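Sequence annotations record features per position, and here Swiss-Prot assigns compositional bias 'Basic and acidic residues' to 155-178. Marked as region 'Disordered' by Swiss-Prot: 155-249, 287-307, 474-531. The feature compositional bias 'Acidic residues' is assigned by Swiss-Prot to 186-206. Annotation source Swiss-Prot lists phosphoserine at Ser231, Ser469, citing similarity to another entry. As annotated by Swiss-Prot, compositional bias 'Polar residues' applies to 290-303, 483-499. Per Swiss-Prot, the feature zinc finger maps to 327-352, 358-382, 388-410, 416-438, 447-470. What Swiss-Prot lists as compositional bias 'Low complexity' is 502-520.
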Amino acid sequence: MASPVADASRRRREKRRQLDARRSKCRIRLGGHMEQWCLLKERLGFSLHSQLAKFLLDRYTSSGCVLCAAPEPGPRKGLQYLVLLSHTHSRECGLVPGLRGPGGGEGELVWECSAGHTFSWEPSLIPAPSDVPKQAPLTHTTERAWCSEARRKQEAQGLECEQRERTQETRLSRRVDSPLEIDPPLGEDQDVEEEEEEEEEEEELLSDASPWTYSSSPDDSEPDVPRPPPSPVTHTPKEGEVSPVPATLPTPCAVLASVGSPDALTSDTEVRLELSRTPQVPAELHMTESLESPGSQAQSAPNPTWDEDTAQIGLRRIRKAAKRELMPCDFPGCGRIFSNRQYLNHHKKYQHIHQKSFCCPEPACGKSFNFKKHLKEHVKLHSDTRDYICEFCARSFRTSSNLVIHRRIHTGEKPLQCEICGFTCRQKASLNWHRRKHAETAAALRFPCEFCGKRFEKPDSVVAHCSKSHPALLPAQEPPGSLVSSPSISAPESLQSPEGASISTTSDSNPASSTSISSPGVPDPRNREKS
């Protein structure tokens with residue numbers, strides 16, 4: 001009968017198994033996009049994934065949108081405005097933007113692509129056409145840095161398009177809304193001091209530049225103007241190719257021209273291009289251009305080694321299998337050989353350096369072991385604890401190895417086999433005993449097989465071996481009975497029986513021997529035939 005300790009341990013394991021089963025049913029699996037889930041959880045302000053899942057379930061089951069407190073916009077104008085923003089982004093970047101989360105304003109949503117480009121859209125407000133805001137002029141330095149090539153291609157379109165482009169670039173450089181001012185003439189020169197100050201500000205601003213960020217504000221709007229010619233095609237540098245100068249970069253002028261096109265929508269809001277400090281995604285470095293001043297870009301070339309190193313971030317690590325080497329122990333008198341450096345170091349530490357031994361606590365035993373796990377297995381032999389029970393006959397055992405060997409009795413499995421005679425058994429002890437028998441009788445194997453050379457202890461074993469292993473060769477040989485000749489018996493004198501009958505036995509080359517028994521009163525029939 002099992003002890004109370006074993007029953008308590010069994011009940012504890014059963015309760016643990018049931019608890020794991022219940023937890024596995026209600027466990028939340030978020031899929032393989034773990035980084036995106038963690039980023040969304042942090043942006044929404046949750047500390048646990050379960051809270052994020054509860055929030056998403058509430059959002060799904062709720063009748064209205066939590067983020068949109070105001071009335072929903074018209075289905076046509078609101079969605080068309082979102083399509084316009086997405087189209088504006090697609091002219092600069094080929095990646096598809098996705099919803100990142102709520103923005104800073106009430107009801108504002110932020111969309112972001114994999115390259116870090118963001119733009120905000122507020123569905124609660126429908127843009128309406130308004131007057132054109134007049135803003136501060138763009139400095140000559142900024143013009144040269146951002147729109148030099150685009151302006152050269154658009155000079156034929158007239159002064160009106162150029163003034164609109166310069167006002168939008170001014171908003172980009174200042175990053176804040178500026179008060180309304182009147183635009184000066186196009187060819188007006190500025191003071192040298194102002195140019196130097198603005199050059200310094202531009203270098204500070206562009207040195208920390210990161211991918212484009214689009215944000216929309218429904219306060220301003222754009223007038224209906226003729227569509228300018230398309231902007232030059234953005235060239236994506238290939239691997240090992242030097243990125244082009246900023247003159248060939250996609251210009252904000254072309255983006256703003258597409259916003260104000262009458263075909264898409266009466267541009268209800270202005271799209272403000274800002275330089276955000278969002279870090280670039282290393283895997284999408286080929287989709288973004290580095291924004292640098294002309295002087296610094298000419299002096300410093302992109303570092304290809306840094307791009308290769310950072311491109312490996314986030315990829316799954318592939319572990320290489322350790323090489324199999326034969327490493328013998330270098331201590332004198334020890335011939336152990338290991339295939340792993342870790343095993344060799346462990347062997348040296350406990351067998352030679354420390355020579356730590358674990359003694360059995362039983363006073364009558366006195367055995368010691370080099371490893372603690374071996375001592376634990378040995379201590380079970382002294383106790384009456386039998387935690388391993390056979391499922392066929394309910395017999396209990398102290399160790400799992402004994403249970404495995406016992407279970408083979410019920411299954412009939414005999415995995416161990418003698419390599420000499422093919423004897424099979426269930427446990428290693430039986431095989432060792434059987435091999436010892438072969439070692440003792442090795443000198444007595446005097447009868448070899450004439451076909452394969454295998455030796456046996458008895459001639460009967462040779463005959464049994466030939467009939468089992470070489471049945472096709474036996475018919476060509478003489479039968480075993482002919483190998484031993486029958487003894488010849490010659491009796492020249494006749495044996496007289498007590499009754500007077502004579503018994504004569506003759507043997508010749510003929511295998512059939514004749515034996516005659518004659519009595520005195522009965523004549524021999526063979527003598528009668530001869531006469």
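Even glycines carry a Cβ here, placed using N, Cα and C.
Under 8 Å from some Cβ of the zinc finger (358-382) lie the Cβ atoms of residues 350-351, 398-399, all in the same chain and six or more residues away from its ends. Sequence-remote contacts of a segment are chain residues at least 6 beyond its ends whose Cβ falls under 8 Å from one of its Cβ atoms, and for the zinc finger (327-352) they are 370-371. If you take every residue in the zinc finger (358-382) and average the pLDDT, you get 86. DSSP gives Ser469 (phosphoserine) a helix state. Applying DSSP to the zinc finger (327-352) sorts its residues as follows: 12 helix, 4 strand, 10 coil. Counting residues of the zinc finger (358-382) by DSSP class, helix then strand then coil, yields 11 helix, 4 strand, 10 coil. Residue counts for the zinc finger (416-438) under DSSP, helix first, then strand, then coil, are 11 helix, 4 strand, 8 coil. DSSP assignment over the zinc finger (388-410) gives 11 helix, 4 strand, 8 coil.
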